[in-house]
Amino acid sequence: MATPVQQPPQSSGGKRKGKAQYVQAKRARRCDGGGPRQLEPGLQGILITCNMNERKCVEEAYSLLNEYGDDMYGPEKFMDKDQQPSGSEGEDDDVEAALRKEVGDIKASTEMKLRRFQSVESGANNVVFIRTLGIEPEKLVHHILQDMYQTKKKKTRVILRMLPISGTCKAFLEDMKKYAETFLEPWFKAPNKGTFQIVYKSRNNSHMNREEVIKELAGIVGSLNSENKVDLSNPQYTVVVEIIKAVCCLSVVKDYMLFRKYNLQEVVKSAKDPSQLNPKQPAQAGNGKEAKLESGDKSNENDPAEGKNQQVVPENNEDLGQTKPRSEIQVVNEGGAKPELESQVTERSESNENDLSEEK
């Protein structure tokens, strides 16, 4: 049986390339970026969670970050092709003009690659990581959430949480301890101090222990300044620990509980309900509620007393005279006075005699 003879590839233009050539070209296009194309140690950026639509999440992230980034840091500057030097008008400088054009194209390509915000592969589903250059992620994200909290305007549909990442390291306990000793100094080293909590989240990682990581990081914060205290209800600082595969992302954020754990969907909801009321209205509403509660409490206190009066002494006209001392007895009895306990016993005995007389 004859084996098929492999023909040498033809170099004609009509033939399409082999599959291996397509795969190599695709890999080359994904790797030739200005900077890393996946999450790795040594990066700064913003970690964003979404709901089953990462492409739409990246679009919303670019739009939102560029809007607020331009407000804080000014518009991003690029060199237009029309503004690049195109050489002299004479025909003798064609070679020099071609070289200048090539150099300008290279500069423009590098500037486009090293943009202010660049999406990289995070290594987890429904998680997007936006690498940042030349900005402070924690200040930018705090500015975004503060504006949304005050204006009560919903600007995203797919983005859930937006966490700034001030630094990344290898997701091994010894590497994390060494990195955190210097990373946490700007916030917690004396004379700086504050209350704090540690928030831990791990994705696609099974060799890290949550309790062990939190214990080690809390010990580092305490060693930097003994006045740093843990506060889980309303801390001044929140240490965010996000582990994805073999990369640990760290950041220290403010107003973590106020901004609903940096959730863009919830921060708008939480801001709507109390902010729709004027500053005077909550007080009035609170006073009204307190007044209702007080009146309700008084009525509840009087209702059983009145019920007792109706059951105990239905015939006598001294109901009003009996309700007052009984209410006084009940109030003082909370202090535990013994003489009034005796008075209650005498009143109950009198009521029992009245009941017997009625039954007869």
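Quick reminder: no glycine exception, Cβ is built from N, Cα and C everywhere.
Keep in mind that this is a model prediction, so the values were computed, not measured.
Per TrEMBL, the features are:
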COMPBIAS  1-13  compositional bias 'Polar residues'
COMPBIAS  289-301  compositional bias 'Basic and acidic residues'
COMPBIAS  337-360  compositional bias 'Basic and acidic residues'
DOMAIN    147-254  domain 'THUMP'
REGION    1-38  region 'Disordered'
REGION    73-95  region 'Disordered'
REGION    269-360  region 'Disordered'
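Note: the domain 'THUMP' (147-254) comprises 35 helix, 37 strand, 36 coil (DSSP; helix = H, G, I, strand = E, B). Restricting the average to the domain 'THUMP' (147-254) gives a pLDDT of 96.
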